[in-house]
Amino acid sequence: MTATIRQLKKAARIILVGAPGVGKGTQTERLLTRFPELASISSGDLLRENVRNKTPLGLKAEAAMQSGNLVPDSMILDLISSEFKSRGWLSAASTSSINPSASFILDGFPRTATQASSLETIVPVNFVVHLVTPPSVILSRIASRWVHEPSGRVYNTDFNAPKVPGKDDVTGEPLTQRDDDSIDTWKQRLHKFEETSKALLEHYQRKGCLWRVEGDTSDEISPKLFSAIERQFC
Ligand code: AMP
């Protein structure tokens with residue numbers, strides 16, 4: 001089946017806001033396929049790249065990330081503005097002139113109302129999507145996900161269980177649950193999200209650009225999200 005492609009008629013500057021594990025990454029990938037003019041920036045990916053490359057910023061951010069805390073606002077703002085600049089979305093000389101055709105999705109940024117206010121001084125965001133899945137549904141998704149690390153094969157005990165519980169189908173080696181997926185870390189991240197996102201969502205509600213979409217799965221959410229973006233920008 002060929003994917004449907006839609007052209008944007010207006011610049012779309014989109015933010016996805018949602019609890020950890022809600023599927024922001026999945027929705028972003030699908031949006032990039034459907035709307036090829038969009039580019040995406042994930043603050044988590046940028047940070048992980050810095051940690052991997054052991055940059056000074058990566059070294060500073062690592063501990064906060066591992067413990068499920070947010071990294072300081074100033075650090076994340078530097079990271080994002082330099083990414084905007086390197087993509088040609090901001091003139092090198094000034095952060096006040098945005099390329100009018102730049103259309104993008106920000107994933108994971110801004111996370112707090114303070115970050116949102118700072119972002120506004122650089123880039124006018126015009127569509128904020130609040131992705132909602134009940135935490136109990138996300139939790140059962142995370143708890144049932146197992147990985148065979150050497151190959152990257154992923155199993156889900158609800159709908160794609162290994163033939164022998166706890167063992168990889170191909171090699172018979174033990175399966176593990178990703179560190180990142182550990183339930184305690186997730187709970188801590190959810191708590192942080194709930195704590196900081198309230199003010200963030202209120203901020204965008206006041207600006208009149210907040211739109212909420214709810215579903216138990218990414219497949220349930222995507223078609224609603226596509227229609228909303230098409231109504232607004234196509
Ligand atoms: P993510 O992949 O978006 O879940 O981000 C992974 C980790 O990077 C988070 O748990 C935070 O420690 C850090 N991080 C990502 N984006 C931000 C942000 N906008 N503000 C502060 N910390 C962030």
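Each residue, glycine too, has its Cβ placed from N, Cα and C.
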Out of S218, S222, S227, which does TrEMBL tie to the same GTP site as G21, V22, G23, K24, G25, T26, R145, V154, Y155? S218
Tell me, if you would, which residue among S43, N69 (binding-site residues) has the fewest other CB atoms within 10 Å in the structure shown? N69
Whole-number Å value for how far S43 (AMP binding site) lies from G21 (GTP binding site) (Cα to Cα): 15
Identify which of the following binding-site residues, namely G23, S43, V71, F109, R111, R145, place a Cβ less than 6 Å away from any atom of ligand 1, and list them by sequence position. S43, V71, F109, R111
If you count the other CB atoms within 10 A of the CB of G25 (GTP binding site), including all protein chains displayed, you should get 17
Only counting partners 6 or more residues apart, tell me which same-chain residues put their Cβ under 8 Å from the Cβ of V71 (AMP binding site). L47, K60, A61, A64, M65
